[in-house]
Amino acid sequence: MTDGALIVVGASAGGLEALEALVRELPADLPAAVCVVLHIGDRPSTAPSILDRAGPLSASHATDREPLRAGRIYVAPPGCHLVVEPPGRLRLSRGPRENSTRPAADPLFRSAARACGPKVVGVVLSGALNDGTAGLAEIKRQGGIAVVQDPADARHPGMPRSALDHVAVDHCVPAAAMGALLARLAAERVPAATRPVASKVASMEASMEGMYKLETPSALTCPDCGGALRETKVDTLPYFTCHIGHRYGADSMEEAQLHMVEQAFEVALRALNERAALCQRLAETAQGVGQALSAKRWDEAGREARERAEVLIRFLGEEWVRPSIAPGSGGEPDRF
């Protein structure tokens with residue numbers, strides 16, 4: 001893609017509905033390519049066919065090394081990050097998950113910003129937590145435009161709200177008004193010849209060696225692989241990255257860490273239940289051969305295991321304090 005704009009879109013829960021409203025209003029002669037990431041994980045997705053029917057632009061899953069063309073919608077396929085290489089070519093990557101998901105919006109946004117600079121328009125739609133915020137900040141640093149769905153219009157306002165909290169967003173509009181806005185912005189984008197040189201931070205972050213020069217050690221470990229995490233800030237947003245490249249924003253890290261705690265409790269509960277069953281079986285065996293004292297000790301050990309299991313069951317049934325969740329927000333992040 002040597003001319004024309006590049007529109008990159010990140011969405012999660014509630015995002016497909018917003019995407020349909022967006023593409024419905026895009027013109028058939030849109031002077032921009034559109035790249036879309038939905039949080040679908042490894043599951044098969046019919047999103048391209050849905051978007052293809054929703055508006056005048058052709059939509060399909062992206063393929064590796066495919067050149068970008070204006071007037072087309074490229075959707076990240078299941079289980080792959082979608083990234084952009086200069087001067088305008090798509091690559092698919094099975095690289096580390098970011099914010100516990102692959103595909104994720106941040107890799108697309110970062111790569112698009114570095115490949116196409118001020119030609120990029122970044123869009124964050126409905127979704128929970130904060131994927132897309134760091135990538136949108138990079139788009140702004142490289143001279144691009146940041147657009148966010150109005151949180152009041154989003155089914156899940158976490159992602160739009162995080163972007164608004166941490167990025168100097170240029171436009172915040174409902175999904176139904178976004179198509180016309182993007183068409184206008186695409187027509188106004190700066191040609192490639194005026195693209196600024198990538199920032200020192202962006203250039204360093206592009207390599208693993210540079211990434212660790214920018215980040216400081218953390219006492220935390222990666223929820224995905226158990227490796228040591230290093231902490232940095234993207235504008236005001238804390239980020240955590242391990243040696244492999246798993247990357248978490250603050251909200252995503254809190255959610256993944258809480259999931260690890262719950263898993264640990266569940267493993268402990270299973271072990272206690274198995275211990276109780278074993279002790280009961282051995283108590284019965286000892287009783288059957290006339291070893292009353294041994295049977296009593298096994299019975300006491302089994303009772304102790306059951307009592308401790310009941311404590312864990314109570315813990316698992318209680319709500320956790322979630323500092324990043326605003327009261328009355330429906331479970332959406334408040335700050336990060």
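Every residue, even glycine, has its Cβ placed from backbone N, Cα and C.
Automatic, uncurated: that is what TrEMBL annotation is.
Per TrEMBL, the features are as follows:
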ACT_SITE  SER12  active site
ACT_SITE  HIS39  active site
ACT_SITE  ASP131  active site
DOMAIN    1-182  domain 'CheB-type methylesterase'
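A gap of 5 Å separates the Cα atoms of SER12 (active site) and HIS39 (active site). Of all the Cβ atoms in the protein chains shown, 33 others lie within 10 Å of the Cβ of ASP131 (active site). In sequence order, ALA11, SER12, ALA13, GLY15, THR101, PRO103, ALA104, GLY127, ASP131 are the residues near HIS39 (active site), counting only same-chain partners six or more apart with C-beta under 8 A. Looking only at the domain 'CheB-type methylesterase' (1-182), the predicted model's pLDDT averages out at 95.
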